[in-house]
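Visitor: To start, I am sharing the structure in question, which I have written as structure tokens.
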């Protein structure tokens, strides 16, 4: 009896020991990642929130705790309000247009057997091209006097806008570049979503009376693409809110703040004027926008999405 | 959907749309190549003619190479991207393995950290990081360019998904053979994680080769400039309206990634979809 009892206890004891050893190994394996996450993600976030309540300026040395003063100032800051508005306009153009074009191109390519890889390459190329470099090319295309775009418009007898140079068109010109740059990315994601739809569903829909391709699109393609569309929307909106490269390279926020976007304003206040406290408050607003975006997407769109 | 090989009206429209779209999307590249071969006079007079009247390629490329330290820029780009990628993988794989296959109490808390991390871009952490690097006198160097990106929560997330799908038997068998956990990671997990690593490599390199925000903040000396930063400085300071030289410089700097993409297209697209869809 005793020996049996001992035989029963021993594996338990060793499994406890084993579990402890496993947990210790797991901690060791994860430790570098945990340390780096604390150092480069968590700590800076806490610091940015803290700095947002101070008047910290780089090079000044002393700083004061100012409560919500920075946030109050943000509301009356015309540059900041303008840049928030510009970011909204830019996002409201670039996200929907690049999503719809991406979906359209993906469906055309998917439906067409010929030249599949050529078309895919052509539309995807902007995604892997250096943004700053291609922005330079766009600046040439948009050039009011020597640019090919206005030369083309001139041939058609149309007015020639001063694309990036006029405050009425600068933001829209940047939006065109933004769309050009993201359609390919969205297309590839939609293509992956489309190929995952079982062919039989289309046959079944046809038998059920969905005669036109439009019927089949709304009956099969759209609901089956739900998760992809949700994901593409989230990514597109977040990327549009994060736009910076083209603004910095091409317009520097000008003319007269017409193309100043959120990240550019943060960069300008924080790293050019060194007003770290004030820029931190802006960063908190920027982060809040990202959090709200994610939350909205998953709350509202999730319900209408069909998961297979 | 039946694939028809005949030329119906619908198919004609579809092809026409695709071709027009492709021409519009490729137009910037066509004009870039064209303008890089034009002389200053050519650029100012004939905007729409694609073929330069006098081939000026040699002169423009020479000017670009002379005015910008292309070698330094490209080298910095390669070093920074490679260092970032190596650190990201070295840190993320063991962590993801522990979270996916080992039992420990912190796993849930770490999942929260990872999901939080996915939401936070460098733009949100840049201010305190800049202050910290400045006070440690680490600005203008590879450390500042690389360190904040050594941790990629996205990599942890991607590998985690991948490891969860791996059969436990594989790991049990290795344990029975007397392998240590570190041995399992390096000799069982890593070789099997190759598709995920390739996919992540593409994502990581595209992101960091293109990044302007962080290098712009931490680098003020040209010696450590990355390709986007170098090109931006060249554009702002030297070139002005010399579009021929500018386009030549643009071509040199765009080529590495575009060439890599054209060579390994299938991998690229797979990688983007794989990392993209899981992110």
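Yeah, the Cβs are placed from backbone N, Cα and C, and that goes for glycine too.
Annotations in TrEMBL come from automatic prediction, not curation.
Copied straight from TrEMBL:
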- A:27-53: transmembrane segment (TRANSMEM)
- A:84-297: domain 'ABC transmembrane type-1' (DOMAIN)
- A:89-109: transmembrane segment (TRANSMEM)
- A:121-141: transmembrane segment (TRANSMEM)
- A:170-197: transmembrane segment (TRANSMEM)
- A:217-241: transmembrane segment (TRANSMEM)
- A:276-296: transmembrane segment (TRANSMEM)
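Just tell me what is around each of these and how deep it sits.
Guide: For the transmembrane segment (A:170-197), the list of distant contacts is 86, 89-90, 93-94, 97-99, 101-103, 105-107, 109-110, 120, 123-127, 131, 134-135, 138, 142, 163-164, 220-221, 224-225, 227-229, 231-232, 235-236, 239-240, 243, 246-247, 250-251, 254-255, 258-259: same-chain residues at least six beyond its ends, Cβ to Cβ under 8 Å.
Tertiary proximity for the transmembrane segment (A:217-241) is limited to same-chain residues at least six positions away from its ends with a CB under 8 Å from its CB atoms, namely 87, 90-91, 94-95, 98-99, 102-103, 107, 178, 182, 185-186, 189-190, 192-194, 196-197, 201-202, 205, 208, 210, 262, 286, 289-290, 293-294, 297, 301-302, 304-308.
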Visitor: Give residue numbers and ranges for long-range contacts of the transmembrane segment (A:276-296): same chain, 6 or more residues beyond its ends, CB-CB under 8 A.
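Guide: Contacts of the transmembrane segment (A:276-296) (Cβ under 8 Å, skipping residues fewer than 6 from its ends): 45, 48-58, 63, 66, 70-71, 73-74, 80, 84, 234, 237-238, 241, 262-263, 265-266, 269-270.
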Visitor: Would you kindly list the residues that approach the transmembrane segment (A:89-109) from elsewhere in its chain, counting only those six or more residues past its ends and only Cβ-Cβ distances under 8 Å?
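Guide: For the transmembrane segment (A:89-109), the nonlocal Cβ contacts are 116, 119-120, 123, 171-172, 174-175, 178-179, 182-191, 193-194, 221, 225, 229, 232-233, 236-237, 240-241, 243, 261.
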Visitor: Are there residues at least six beyond either end of the transmembrane segment (A:121-141) with Cβ under 8 Å to its Cβ atoms? List them, or say none.
Guide: 105, 147-149, 164, 173, 177, 180-185, 187-188, 245-246, 249-250
